[in-house]
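Here is what TrEMBL records for this protein:
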TRANSMEM  78-95  transmembrane segment
TRANSMEM  156-176  transmembrane segment
TRANSMEM  220-240  transmembrane segment
TRANSMEM  290-310  transmembrane segment
TRANSMEM  372-395  transmembrane segment
TRANSMEM  429-450  transmembrane segment
TRANSMEM  457-481  transmembrane segment
TRANSMEM  501-521  transmembrane segment
TRANSMEM  542-560  transmembrane segment
TRANSMEM  615-632  transmembrane segment
TRANSMEM  664-681  transmembrane segment
TRANSMEM  693-714  transmembrane segment
Amino acid sequence: MTEKIEKPVKEAGDLEKQESSFVVDAEFEKIVSGLAPTTDDVSTPSLTFRVFVLGFIFCFALGAINTLFMFRANPYSVSSYVATLLSYPLGVLMAKTLPRFQFNFLGIPIDTNPGPFSVKEHVLIGIFGSTGASGIYGVDNLAVQEIFYDLDIGHFWGILFLLTSSTLGFGISGICRRFLVRPKHMIWPTVLPSVALYTTLHHVDTAAVKDDGKKHMSQLKVFGIGALAMGIWHLFPNYIAPMLQYLPLLCWFSPKDNLVLQRLGSPQWGNGILSLTLDWSAVGSGPMSIPFWAAANQIINAVLFVWIIAPISHYQNWFNQPKSSDGTNTTRLFDKNGVPFAGNSVVDKVTKDLIVSKFEERAPIHFTTQFCFAYFGHFASLVAAVTHAVVWYGSDIANRFKKSMSDDADADDIHCQLIDKYPEVPDNWYYVFFAFTAILSILVGQLSAINMPWWSMLLVIVISFTGTIPIAIVLATAGVALYMNVVSQFIIGLLMPGKPIIMMAFKCFGVTVSMQCLTLLTDLKLGHYMKIPPRHIFISQIVAQVLSVFICYATMRIWLLDPKHSVWVRATAAEKKTMTAVEKSWTSYTFNVYYSASLIWGAIGPKRFFFDSQYGSIIIGGAIAGLILPILLKMCHKFIGGGIWQLMHPALLLSPASPGANNGIWLTSFLLSTFTQFYMYRWHQGTWKRYNYVLATGFDIGVAITTLLITFVFSNWEFPSHFFNHGSDSESTAHGTGPYYDWCYVEEAEA
């Protein structure tokens with residue numbers, strides 16, 4: 001039977017919520033709570049035979065495809081929404097056609113067909129698919145070690161490295177879940193599109209679709225129309241008319257001979273001031289899922305750092321940089337003469353350590369100003385997240401720890417009332433799992449060819465745990481993810497300079513432990529909204545993660561069996577000129593960025609690269625800004641008053657704007673968020689609640705399917721050249737857009 005709890009929320013609960021500093025936007029939280037179902041049937045099938053069959057299929061397919069795509073020059077990944085969409089008809093088909101057999105396997109009861117395909121099964125299959133689609137971050141580490149440093153640690157240690165690095169974070173999530181998942185004001189905005197999709201496909205009743213006496217188009221129909229329309233549109237900017245990816249307003253309305261304005265407006269070469277994009281794959285559904293206050297913080301950050309500070313520092317040459325042939329929107333390093341820096345020329349081929357004499361011949365090494373302030377933002381945002389968590393949420397976190405042993409800590413929340421019908425994952429499960437993976441991680445670092453000291457592994461675990469809680473609070477309230485990569489690189493680079501292999505491993509654990517902790521917390525919140533037994537979420541995540549390790553490792557190994565694939569990735573700019581178009585498309589931007597980071601933070605080390613050069617102020621200034629801004633905002637909130645201070649999030653205001661992407665996304669994302677999360681939310685709230693997240697998900701799925709078609713079908717046929725599709729550099733130059741194809745009159749060399 002369906003158990004519906006009608007008990008209203010107690011006034012005491014409302015009072016606690018009002019007094020809680022966790023609450024950022026109470027009105028928005030109240031609205032989004034209506035997207036999740038408030039009824040539950042405890043007899044609904046959940047972790048079933050169908051989940052494992054379809055989950056394994058989609059985990060395998062998406063894991064293999066996205067790992068392979070990491071080798072591409074323009075990397076992209078197939079969205080996990082593909083698994084969510086395709087598993088629905090397959091699950092329904094299995095429910096209708098699969099014979100029912102009941103038996104025990106190792107003492108576990110198996111039922112091949114327990115009845116109609118349920119939304120709970122669908123969610124768990126989606127977790128398998130999203131785990132595969134996310135890939136394994138440690139693959140970057142193993143691939144770069146082998147391709148650039150000629151270090152293959154072997155199958156046994158390679159698999160153990162991936163297993164330990166990708167599962168260690170699950171233990172930490174058990175400590176955090178009580179005050180990051182259960183509280184209703186921890187809404188996790190990135191989960192909401194998935195909630196809308198599942199409830200739409202399975203016709204689950206929610207407050208968002210409550211009958212208001214009017215006739216509405218069904219959510220499923222809107223979802224289908226959105227997916228079809230965006231899928232068709234995606235063909236234009238990504239196949240038929242690529243020039244639609246860039247709409248640089250400043251370039252269009254500036255004199256063509258004004259190189260400064262043209263470069264400032266270029267979304268590819270420069271800073272993309274006043275630039276837009278019509279490419280949904282660049283923007284994504286994020287602007288339609290995060291609260292408007294978060295979008296406002298992001299555009300302030302982009303305007304401040306990408307549009308103002310970075311170009312001013314570039315043209316006034318704050319860092320005494322030599323002229324370089326590259327634009328400002330690049331991750332490429334260059335030496336004191338402006339020549340692109342190939343790091344393998346200063347690293348010993350046997351020891352993999354830095355050759356100081358060769359390095360000093362080319363020092364100092366430089367990067368663009370946009371890259372500079374991206375690193376400033378990495379340090380500032382993480383320090384700000386920690387400081388903000390302590391200053392704004394410290395008392396609530398402490399209270400949550402005190403109340404964690406109480407069964408009625410969240411007794412007034414309808415979602416907690418429903419999910420509490422299922423047994424929680426025992427704390428001992430998390431603690432034992434954490435201890436086991438931590439010990440195994442130390443052994444992998446010590447006994448493999450990585451030669452990572454035991455103390456460094458303990459250090460990275462402590463760093464990850466410390467940084468995960470504030471990062472998770474930002475993700476749970478604002479829907480914006482921060483990462484531990486730069487901070488972890490900085491710390492080990494100071495402690496062990498000149499050791500790129502150890503630095504990469506340290507970074508891998510620092511990023512992955514935090515990232516996997518957030519992944520499990522995200523899935524637990526999704527299960528919280530959809531009333532999935534927490535133990536089933538935990539088991540699905542662990543099984544999917546282990547399966548993904550073997551899939552991703554095997555894909556990497558198979559691709560690297562051909563020696564020329566490694567040659568393509570290592571190719572320099574000069575070598576790429578002699579390569580075919582197919583070869584150039586597999587030069588892996590992802591692995592080259594990872595390699596560049598290993599040089600900056602590992603081989604060269606932060607002391608030589610930053611503190612012995614003019615870039616030291618970037619690190620120090622970022623840390624100081626991240627420390628001061630949260631305290632300043634808290635003081636303004638206390639002494640001046642008003643709700644605006646609570647909506648100014650320092651980790652978002654100081655978040656990194658990394659170079660290399662289409663800089664037209666900033667203004668486009670804000671305009672989209674203004675329309676959906678401000679205008680539609682405030683003045684057409686009924687329509688917004690019913691369709692916003694459904695439409696956002698439909699757009700993402702339409703793009704994902706079309707991307708697959710372009711990659712595996714249309715890529716065999718080159719679309720004819722026309723004004724919006726320049727077939728060669730000469731044609732693009734004739735139209736005044738140059739090699740960047742973004743409508744801007746820029747030159748590769750500084751004037």
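Glycine is no exception: its Cβ is also placed from the backbone N, Cα and C atoms.
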Q. Counting only pairs at least 6 apart in sequence, do the transmembrane segment (372-395) and the transmembrane segment (429-450) share 3+ Cβ pairs under 8 Å?
A. no
Quick one: do the transmembrane segment (693-714) and the transmembrane segment (290-310) reach 3+ CB pairs under 8 Å, ignoring pairs fewer than 6 apart in sequence? no
Lying 6 or more residues past either end of the transmembrane segment (290-310) yet within Cβ distance under 8 Å of it, the residues of that chain are 24-25, 28, 189-190, 271-273, 328, 369-370, 372-373, 376-377, 478-480, 647-649, 652-655, 657, 663, 666-667, 669-670, 673-674, 677-678, 681
Open item on the list: Assess whether the transmembrane segment (429-450) lies in contact with the transmembrane segment (501-521), where contact requires at least three Cβ pairs under 8 Å among residues 6 or more apart in sequence.
Closed with: yes
Q | Cβ contacts the transmembrane segment (501-521)/the transmembrane segment (457-481), at least three under 8 Å, sequence gap 6 or more | A | yes
Here the stretch out of 220-240, 457-481, 664-681 with the most C-beta pairs under 8 Å to the transmembrane segment (156-176) is 457-481
